[in-house]
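Novice: Dumping what TrEMBL says about this protein:
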DOMAIN    B:9-106  domain 'Pseudouridine synthase I TruA alpha/beta'
ACT_SITE  B:52  active site, nucleophile
BINDING   B:113  substrate binding site
DOMAIN    B:146-247  domain 'Pseudouridine synthase I TruA alpha/beta'
């Protein structure tokens, strides 16, 4: 059974998240249904990142085992045709054949996210649902400086959802950069893996620094507290994009 | 009566175009209704560019006369609040007081549009409705070279809608650049004014050059024909954005 890697883009808005759930429509289910229509097999897709409801992706990665040696481009085009027909907001950017030891979830060495904030008085008209609207002016440089305290290996309990199923709250954060470009602020976060809601929890807390409600030291104290109650705010899913995964 | 200039962003998808029309919902009507809720006056907004159904704007400009000397920021915030409440995909980016001789339409010295093409095999999932999906690989350099033949003052009858109400088909095109960045091709078009459907007609014809169906000389011949039937194709509204207006 050949194994295929799929690189996937989606608008998370209409979905209950990546993961298949009874009674709800997920990105995973949308692609599995399209695959089944294409090849007649009931298949299970495994994704690199289980993004939450409303979170988007420009570079989600998943793998799948099929019965036949399909040409990868045929898989991509056929699945996209079925996704389009079903009105899904999901597209397969690329399909490729990988070896059996490739596992989209467990082979991932780094996951890269970007979180976008529209920092302006006017609400977003064109990017509605794809950005967090923060009308109050944020100090992006202060956010960036404070963010550096979260780099490295830490117990991220403060920035972890109560529903997080990971065995350990320890994670190694490799990148957390905050950059302003006009009215847009982007937060770039990279790690081998993240805890549930970790990026949104960090961004929500950084926003407190940006608006002056928290000092840089307050952010460090929140991390050190190792207490979910110390988290500043969980940023909404709208602004979050899974950008790429390294293997 | 003080005159206000409004800088406006909108997602053209849900609208029948900029201009108010009986029985249809337009961007102009959406803003006029929000203004009326705010100040109680029945007002008429005049825009710089009468964009078609489905065409977007990041920098439309309009003017309006109000009875009261409102603070411009109050106008912006109040109109946005009413637009949000009505679920409109329109936002006022800025409001400012202008002199009585400022006319958003007739004082405009230059209008700048960008047209975005997603040139890839996979359909757009995140940018659906905001880009023209062209799966076949286009030669952006050939498109850019051919585009230069349209610069300057010409009779643009070929690239003009049969419904165009302008007195003359003569226009002076100041910029027509085609640039590729990864899978995205952007066409930048600038002129003092454009004929109805001119940008979309030029982009549709340039696409024929990009896919190799037309040579550069074919594009020139189409221009010289001064005949609507010689136009290659009218690109869909999805990819078109009114970016800015100079005064």
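Note: Cβ is positioned from N, Cα and C throughout, glycine not excepted.
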Novice: For residue B:52 (active site, nucleophile), just give me the three-state DSSP call.
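Specialist: The residue in question, residue B:52 (active site, nucleophile), is coil (DSSP, three-state).
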Novice: Just the number: how many Å between the Cα atoms of the residue listed as 'active site, nucleophile' and residue B:113 (substrate binding site)?
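Specialist: Per the Cα atoms, the residue listed as 'active site, nucleophile' and residue B:113 (substrate binding site) stand 13 Å apart.
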Novice: Validating a neighbour-count step here. Other CB atoms within 10 A of the CB of residue B:52 (active site, nucleophile): how many?
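Specialist: Cβ-Cβ neighbours of residue B:52 (active site, nucleophile) within 10 Å number 19.
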Novice: So how many of the residues in the domain 'Pseudouridine synthase I TruA alpha/beta' (B:146-247) end up helix, strand or coil by DSSP?
Specialist: 37 helix, 31 strand, 34 coil
Novice: What is the Cβ neighbour count of the residue listed as 'substrate binding site' at a 10 Å cut-off, with all protein chains included?
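Specialist: There are 24 of them.
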